Amino acid sequence: MDAMDAEDEVPVSTSETSTLVDDNSTVVNAIGAVNLQPVPAVIPPVVPTVILPPVVPAIAPRLAVPTPIPPPLAPLPVRPPVLRPPVAQNGEMQENDSDSDLEEMVSGRGAAGSTQEYEISEESRIVRERQEKALQELLMKRRAAALAVPTNDMAVRARLRRLGEPITLFGEREMERRDRLRMLMARLDAEGQLEKLMKAHEDEEAAASAAPAEEEDIQYPFYTEGSKALLDARVEIAKYSLVKSALRLHRAKRKRDDPDEDVDAEVDWALKQAGSLALDCSEIGDDRPLFGCSLSHDGKMLATCSLSGIAKIWSMPLVQKVSTLKGHTERATDVVFSPTSNYLATASADKTARLWNSEGSLLRTFEGHLDRLARIAFHPSGKYLGTASFDKTWRLWNVESGEELLLQEGHSRSVYGLSFHHDGSLVASCGLDALVRVWDLRTGRSILALEGHVKPVLGVSFSPNGYHLASGGEDNTCRIWDLRQRRSSYIIPAHSNLISQVKFEPQEGYFLATASYDMTAKVWSSRDFKPVKTLSGHEAKIMSLDVASDGQFITTVSYDRTIKLWSSKNIEKEEKMDMD
């Protein structure tokens, strides 16, 4: 192995391998300058792990480009350092925190040994001024945030006026005005104009101290003053109700103490009469569906109204048309007879109520409501008319003069029904807010708010006994309220659809009648409020009903445009008992 290695080594002359290179000489290939010695032909073994150096092929000689050597230069002067302004990134000024630049600047100054002052470029000066301005604005905002600025817009305007500034700018809102006052106060504080600020503050304190004294002198009433006509009406209603209530209490005491009076027998007889009610007459009332009906105080006339806006008067008990009342421009919503005369009133969706006589002549128009009317009712004295409206109010009118005496609010939604107490002292209102309110007409106060219905209440009626109040609504129930206990004493699941109207028998209140959208009317005992009779015969929902003053018949009107009269068959027995 050593012999082969020795044979492979090629002796190279040292003098030949080292060639001098000057500017005009060429590079001679070292391989061509080597003198090879003849050796015997030996096939070298193939060694895969040994990598021979690459053999550079012969390159044609070419001229070499001389590389000029620059002459030695004088030492360069040291350049003075230049102050670099901070570069703005993302809207914020950032400074160079590295110490290397500072050290280079110091070392450069030391090397130069110069004490010359730095020159600031125009760009650096602009950036510095901008930075100082931003700093001043920041300090101004901090000072403004520390100032106490009033939050009331009127106080802000007053302070701006005292500072001699416009109290408002075009399109300026409350918060913008307050911010402007804050910046103005901060600027005055920065400029040292504290006297102006203190004077404005003293003026505000003086005005605030003087304000309570002025308010103490003015005494505002806690109620809305009514007219002289309303005061006279309240006095007259009070006198009327005292007489009526005294008579009612005297009659109740007599029935209780007189041994000849058998109240249970009277109730049983009245309920028996009600149980024998049957369909006596049916008549087409109008071309459009009927909406309301009312019987006169003597039971000789019946009034109806329809969606055509026309009201009609019929003779009883044959139900023959007597006269037609035309005047409303919208559908008629209710009709009611006066309890003391043959006058009647109608309500309409044209926001008015009208007073008519029995001949069909228009006597008076009651205008003032802001929305369509629902139900109306006469005061027992016949001198006042109550109207309920969808404008969330009910109003009291003088029938003789047509003057509006009272505008009463209190319901959160539309008022639908009204009913006056038989003594004339109270009035009950019901509405779409599922609430029944009882008002004292003598004082104007709401004395009861009866809650229990879960849907709008559409009908309400006082009992002649003086302490029961019936209400019915869209929850298909009829509630009996006891005014003495101020709560609901009975809940009657009366119908399978909403109850459109409720009416007590007007003479003694021995039974209660209800009308419903389930096309039936029902009679209930006022003793225990059990069902007595179901009046079936209409082909559509029943809109209203009324009970005769003697309780002998009931009239109903329906969406099927018919009037139906339900009367008692046992007339002979009734006449016999009257004779006894």
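One-based numbering along the chain as shown.
Glycine is no exception: its Cβ is also placed from the backbone N, Cα and C atoms.
Just so you know, TrEMBL annotations never went through curation; they're auto-generated.
Feature annotation from TrEMBL assigns domain 'Pre-mRNA processing factor 4 (PRP4)-like' to 151-204. Averaged across the domain 'Pre-mRNA processing factor 4 (PRP4)-like' (151-204), pLDDT for the predicted model comes to 80.
The repeat 'WD' annotation in TrEMBL covers 325-357 (among others).
Here TrEMBL flags 366-407 (among others) as repeat 'WD'.
Applying DSSP to the repeat 'WD' (408-449) sorts its residues as follows: 0 helix, 23 strand, 19 coil. The repeat 'WD' annotation in TrEMBL covers 408-449 (among others).
Residues 245, 248, 252, 413, 416-423, 426, 428-438, 497-509, 512, 514, 516, 524, 526, 529 of the same chain lie 6 or more positions beyond the ends of the repeat 'WD' (450-491) yet place their CB under 8 Å from a CB of it. The feature repeat 'WD' is assigned by TrEMBL to 450-491 (among others).
Marked as repeat 'WD' by TrEMBL: 492-534 (among others). Non-local neighbours of the repeat 'WD' (492-534) in the same chain are 266-267, 270-271, 274-275, 277, 455, 458-465, 468, 470-480, 540-547, 549-551, 554, 556, 558, 566; each lies 6+ residues outside the stretch with a CB under 8 Å from one of its CB atoms.
The feature repeat 'WD' is assigned by TrEMBL to 535-576 (among others). Within its own chain, the repeat 'WD' (535-576) is flanked in space by residues 270, 272-274, 276-295, 297-299, 302, 304, 306, 314, 316-317, 319, 334, 497, 500-501, 503-508, 510-511, 513, 515-523, which lie at least six positions past its ends and keep a Cβ under 8 Å from the stretch.
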